[in-house]
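Below is one structure, written out as structure tokens; the observations come after it.
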Amino acid sequence: MSALTGIPELRDLAREELPDLAYRYIMSAASSGSAAAGNDAAFAALTLSPRVGVDVSDLDTSVELLNSRLPHPILLGPTGCHRLAHPEGELATARGASTSEATYVVSSYTTTPLADIAAACTGRWWHQLNPAPYTRYMRDVLAEAVGLGAEAIVITMDNPVAGIRSAQGWDGVTLPDGLEFGVLGRLPGALDNPSDPLDIYRPALDASWSWDDVAALCDEQPVPVLVKGVLRADDAERAVAAGVSGIIVSNHGGRNLDPVPATAAALPGVASRVAGRVPVLVDGGIRHGEHIVKAIALGADAVLIGRPYLWGLAVDGAAGVQHVVERLWTELRMTMALCGLTSIVDISSDVLWDAVG
Ligand code: FNR
């Protein structure tokens with residue numbers, strides 16, 4: 001892999017590198033796959049309106065997020081089972097995230113214990129949980145994560161039941177021999193697959209979770225709580241009322257319900273309803289630095305990536321993850337310079353050629 005390897009080329013390299021099961025797990029999407037494809041297409045379709053004749057010799061890509069100053073607005077979103085992609089799994093991701101200064105949101109489907117990830121992560125990390133019965137188990141995991149240094153908690157809201165995948169995609173949580181779940185393995189029965197494959201309820205997911213539970217969680221937790229998987233502006237309002245510290249506009253990379261709007265289409269409505277009361281982040285289809293400029297122009301404070309860093313992990317472990325973030329960061333700087341934007345706060349809908357509304 002050369003320094004010039006772009007994200008789409010990495011996907012092709014990962015396909016060559018990975019066993020079929022792992023590649024299908026990473027790429028799988030709900031139903032026809034139109035939501036996953038739609039995410040990519042929506043960011044790609046927006047055209048930019050470059051301003052020339054601006055002094056762009058000094059660029060500032062830093063952002064303020066949850067009272068921390070980050071050097072760039074790229075986070076690694078929560079994705080499960082990194083040891084399917086690379087033998088060093090989440091440890092390699094943690095190292096790659098740290099060297100590229102990207103906040104790593106560790107999935108509850110990690111195949112490495114949290115304590116080991118925390119030890120490998122010299123940078124910032126958050127912990128993502130699917131709603132589990134908010135009993136002792138979830139409290140224990142959250143307390144452990146916070147004790148180990150997780151700076152925020154992300155609750156995934158768009159997964160009350162399993163996503164609609166076909167046998168082509170991987171819709172199960174059974175790992176090949178030798179691999180174990182680092183967090184979920186401690187919840188008795190969580191990983192039991194229902195005896196009826198069409199039983200939509202899964203022991204690891206709590207289908208009864210509602211905004212009242214989110215409000216209780218926000219009250220109890222000593223760190224900021226964000227919700228992930230919001231597309232509707234009225235749900236964003238409910239999230240703010242529940243006391244969240246941030247909202248992630250996401251359709252789970254198109255892996256759960258299909259069709260749903262592309263996140264680039266849902267983002268402006270959420271951002272305008274939230275109106276700066278809490279940060280709004282977005283994921284789904286971020287493949288180039290210019291997509292980050294577009295996401296911020298549509299109202300995001302920062303972006304998360306999913307599949308791209310898994311491709312990097314598969315191809316070159318920690319160095320591959322680092323490469324993906326640094327490549328996007330470089331492309332972000334180039335896009336800003338080519339559009340006449342010197343800092344992230346300069347980015348507004350003015351940089352989009354077509355009005356969004
Ligand atoms: C995911 N995603 C996800 N989300 C979550 O909240 N918890 C999880 O455990 C997972 N696991 C997961 C596994 C894999 C293999 C993928 C690809 C995705 C969704 C993820 O956080 C994010 O929303 C999307 O991946 C973003 O879209 P892109 O960047 O993959 O297009």
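In case you wondered, yes, glycine gets a Cβ from its N, Cα and C as well.
Source: prediction; values computed, not measured.
TrEMBL names TYR25, HIS252, ARG255 for binding glyoxylate. Of ARG165, ARG327, ARG333, the residue it gives for the same site is ARG165.
A helical conformation is recorded for HIS252 (glyoxylate binding site) in the three-state DSSP classification. Cβ neighbour count for ARG165 (glyoxylate binding site): 20 (other Cβ atoms within 10 Å of its Cβ, all protein chains included). In this structure, of the binding-site residues PRO78, GLY80, GLY285, the smallest number of CB atoms within 10 A of the CB marks GLY80. The Cα atom of GLN128 (FMN binding site) lies nearest to that of HIS252, taking the binding-site residues TYR25, ARG165, HIS252, ARG255 as the candidates.
The average pLDDT the prediction assigns to the domain 'FMN hydroxy acid dehydrogenase' (1-357) is 94.
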